[in-house]
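Read through the structure below, which is laid out as structure tokens, and then see the notes.
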């Protein structure tokens, strides 16, 4: 069985917890895009694990794969592995040799470019975009290259002059391109991980041939997709379910399930339009109650009411077969709760978002109001344990999305999850 899991909003939907819940049933968990600009948090008992590159299934001693659609900072991965090993965890990790490497010059160029912008886009300055540019331009350093000094030397002889020139023009220090200490550190990590190299496409397809269970884990969310997101305020990779097939080298006919993770409200970190954003005390309350600060950057997330207009588009973009609704507990205590069911733009009612980011920024949300609930739901074990108003809210979201909700998260811990029949 091949299952894909993606975020249905702007990222930070709680995918880490949902993957962690599913991982126990799967043999392989594979990351298919993004880099360490995305973070996911998993809570088990009194321990919290913050991961950026290692797939969430690490807590169950599963086979973990990083596919060639990922851009990888070796130092970040190595630090994560050291932390996990220090906790006594076994990490059975495979990395595709074609995985693009985020080089120090990518990080430098990212910071210089963002500094020069008159209008910021909110990059994490981790070199993600520039690493993807090099992938498309066929000027990338790949994982295989940092396992062999001669391979890396030849690659840099080819691409370094242009990088040095570009950084100099941007006002930076071009010496970062061939910094010997940095390159030596990369090569040491590459040699240490050489035995972890694997053909990810081959491994997954063979596993599926043997009727094994494979879970493809996405990063970010639908509206950060480089094509279908809110350009230019997006990430540099393809975040929707279709990219799992392309990036992992698995034919689309092999997909069995696509799980969308959606928060009971909506958040966004960085710049870009978000029609239901709450710039008031309710937005502040959601941020504090939900702990809405970036796993990677620590930046406060912008919070807003649930947006079913974007939700409907996310369903189309991903082909969801089921949904996981997270952070329902954060809404506890609100007297009235709103759901955006349409937009108004220049006097016209829209039930589907406009393609233009400029027009989306001008959309005014059309809301339905629902009664809130005051009872704590964090210890609810069954759907019937939820207050009537909470159930009504869940059912309205399911109706608007037109996809069954299979699980509801009522707290950060694994056991704080309600499974629907």
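In case you wondered, yes, glycine gets a Cβ from its N, Cα and C as well.
Quick look at what Swiss-Prot lists:
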| type | residues | note |
| --- | --- | --- |
| ACT_SITE | 12 | active site, proton acceptor |
| ACT_SITE | 40 | active site, proton donor |
| BINDING | 11-17, 39-41, 301, 327-329, 409-411 | GTP binding site |
| BINDING | 12, 39 | Mg(2+) binding site |
| BINDING | 12, 13, 14, 15, 37, 38, 39, 40, 124, 138, 220, 235, 299 | IMP binding site |
| BINDING | 295, 296, 297, 298, 299, 300, 301 | substrate binding site |
Quiz item: Which has the fewest other Cβ atoms within 10 Å: 11, 14, 39, 298, 300, the binding-site residues listed?
Solution: 298
Quiz item: For residue 328 (GTP binding site), which DSSP three-state class applies?
Solution: helix
Quiz prompt | Cα-Cα distance linking residue 17 (GTP binding site) and residue 298 (substrate binding site), given in Å to the nearest integer | solution = 19
Quiz item: Whole-number Å distance between the CA of residue 220 (IMP binding site) and the CA of the residue listed as 'active site, proton acceptor'?
Solution: 7
Self-check item: Nearest of the binding-site residues (11, 14, 17, 410) to residue 299 (IMP binding site) - Cα to Cα
Solution: 11
Quiz item: Of 220, 295, 297, which of the binding-site residues has the most Cβ neighbours inside 10 Å?
Solution: 220
Self-check item: Cα-to-Cα gap, residue 12 (active site, proton acceptor) vs residue 39 (Mg(2+) binding site), nearest whole Å
Solution: 8
